[in-house]
Amino acid sequence: MAKVWVVVEAKEGQIKKVTYEMIGLASQLGEVEAVVVGSGVKDLAPGLGAYGVGKVYVVDQPELAEYTTARYTRVLAELIGQEQPAKVLIANTAQGRDFAPRVAQRLGLGQISDVTGYEQGQFVRPIYSGKALAQAEAVAAQAIITVRPNVFNAVSAGAGTAEVVERTVALQPNDLLEVVREVAKQVSVRPELTEANIICSGGRGLKEPANFKLIEDLADVLGAAVGASRAAVDAGWRHHSFQVGQTGKTVSPQVYFAIGISGAIQHLAGMGSSKVIVAINKDPEANIFKVADYGIVGDLFEVVPVLTEELRKALA
Amino acid sequence: MNIVVLIKQTFDTEAKIAIKEGKIVADGVTQIINPYDEFALEEALRIKEKSGGDVLVVSAGGEKVKEALRSALAMGADRALLVETEGAAVDEGIVASALAKAISGLSYNLVLSGWKAIDDNSAQVGGRVAETLGLPQVNVVTQLTIEDGKALAVREVEGGTETVEVPLPALITAQRGLNEPRYPNMRGIMQAKKKELKVVTLSELGVSGAPQVAVKNVVLPPAKQAGKLFRDDVATSVAQLVQALRNEAKVI
Ligand SMILES: Cc1cc2nc3c(=O)[nH]c(=O)nc-3n(C[C@H](O)[C@H](O)[C@H](O)COP(=O)(O)OP(=O)(O)OC[C@H]3O[C@@H](n4cnc5c(N)ncnc54)[C@H](O)[C@@H]3O)c2cc1C
Ligand SMILES: Nc1ncnc2c1ncn2[C@@H]1O[C@H](COP(=O)(O)O)[C@@H](O)[C@H]1O
């Protein structure tokens, strides 16, 4: 059976959920192996066996403590060159989408980006901002696939340990040109937009920045992330890193609350693949109701506080 | 500072998508410069305005792409180069190889591109070009400072930012937040007509090869079923919504 690699993504010693989602997809494609890259990451490897991974390649070197494009590209390209897996699955995250195309180009491989489905041997990926779906396949046996987080079902743990193979990769002088000067974390207790199960987004209907408090209160009751429309971002109510849409983040949570958002096509581009969409808008003709699974036609200033209270009670 | 900006022509963001025989129909669709590439171009123009130099815009595509290049010239780019791919079967790897080949002989300090094209949603070409040219890259950048032969770039990552320093020449991919692109003015549009727009073909560049990815079919996403609208008084509507989310959709 073809070997299919999953490049493990971990943060602060924790394997990210998208890794387990990729293992789920990989198991449909062949024999699952994994790659762990970093510094002090060796301990993450054996446990992957419980998720159905037979073998884990570990490259654990001090120079890999921080993510840099050139170093990760070197490591991955070298390992893929040595072991010749058929498919290499990489998370479509800030990290994964950064090194994946470089590895592909170095090895002369095709890459299918931002995959959200696998049906009858074809990888499905949204194009034209989700207005169409392409069904694609790799021409050569070997290819890189980047996988959208939060879409595939994560595999759950069973029993078993993986065989761990340690490797060292010699970095070249050119790999050390990048210097990470600063890593700034947003001080937020809320989940990251692209990883959140629930997102509460606000738009121009909020009228002024202070009213974002309504969205935040609702989000906190649900353990949700906060998002915004471009109108809210352009008005300066929210930093652009909160923007959902064509020129913002692409998200696919279990539930997306669009509050005071009209549902412009560029906004739908970023959240159309959410599993359940809830809209709250006073205009019954608002475009957002065309894609919403549930909607309340009403004044958000009246609806949202009551909804927050009801959910607080329901979830208590 | 000599700066190369990679721009792609894409469908207008409002464009409706029609599909015929498994392919997207482009006829009659308004075309624009990919929004992220406008941020890249604007940044190039600002750097030039500050420290002088030359801004070259490069695009791979068919004859129609000249319109996008003219718009870029009207915004203030100095010269344009079309890598003619009309009729050729290409994928991200081939386009990147061609773009890289087209600029490899030039003297440049900085290459700017968008972080992704909103049509193919690949987010590959920037990285592939950087790889081919052997340049360091910083991806998805929202703030850029060029100083002492170095680029200091703030890039977006999950839950925060990273500030990365790379020596020039380097490739930077632009994200929204980097700047607000200008509109071309009348004078710019007039001047654009007189600016250089060169054309080079794939065979002149010596780039060939078959695509590595085959798109077998393109479909519209499955239509969404009509949702449920609650329009009673606030208390009732909210109760109905909470009930639906818990017991019907089972997501809360
Ligand atoms: C190239 C390009 C890229 C773009 N990218 C993005 C993007 O990434 N993301 C994005 O979001 N947009 C994007 N846009 C902008 C997009 O076209 C819309 O302008 C924007 O999404 C509108 O934001 P909004 O829904 O918050 O505001 P509006 O369209 O003004 O809608 C406000 C809504 O609030 C409702 N409302 C008002 N008061 C209340 C109340 N008291 N109670 C309940 N409802 C109320 C109104 O009925 C209305 O439906 C882009 C546009 C372009 C041209
Ligand atoms: N045909 C092209 N011509 C010029 N630049 C391109 C082309 N295709 C992609 N690019 C550049 O590469 C970026 C990423 O594109 P993509 O990999 O197609 O998502 C774009 O924002 C452009 O800056």
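Heads up, the Cβ atoms here are built off N, Cα and C, so glycines get one too.
Annotated in TrEMBL:
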DOMAIN    A:4-180  domain 'Electron transfer flavoprotein alpha/beta-subunit N-terminal'
BINDING   A:ARG204, A:229-230, A:243-247, A:260-267, A:ASN281  FAD binding site
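The structure, with features from TrEMBL marked on it.
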residue: A:ARG204; record: FAD binding site; contacts (Cβ under 8 Å, 6+ apart): A:SER229, A:ALA231, A:ALA232, A:ALA235, A:GLY260, A:ILE261, A:SER262
residue: A:GLN243; record: FAD binding site; contacts (Cβ under 8 Å, 6+ apart): A:GLY227, A:ALA228, A:SER229, A:ARG230, A:VAL233, A:LYS249, A:GLY270
residue: A:GLN246; record: FAD binding site; contacts (Cβ under 8 Å, 6+ apart): A:SER129, A:ILE265, A:GLN266, A:HIS267, A:ALA269, A:GLY270
residue: A:ALA264; record: FAD binding site; contacts (Cβ under 8 Å, 6+ apart): A:SER229, A:GLY245, A:ASN287
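Filtering of the binding-site residues A:ARG204, A:ILE261, A:ALA264, A:HIS267 by Cβ separation from chain B (threshold: under 8 Å) yields no residue.
Looking only at the domain 'Electron transfer flavoprotein alpha/beta-subunit N-terminal' (A:4-180), the predicted model's pLDDT averages out at 96. Between the binding-site residues A:ILE261, A:HIS267, the minimum number of other C-beta atoms within 10 Å of a residue's C-beta occurs at A:HIS267. Annotation note: A:GLN243 (FAD binding site) sits in a strand segment as assigned by DSSP. According to DSSP, A:ALA264 (FAD binding site) sits in a coil region rather than a helix or strand.
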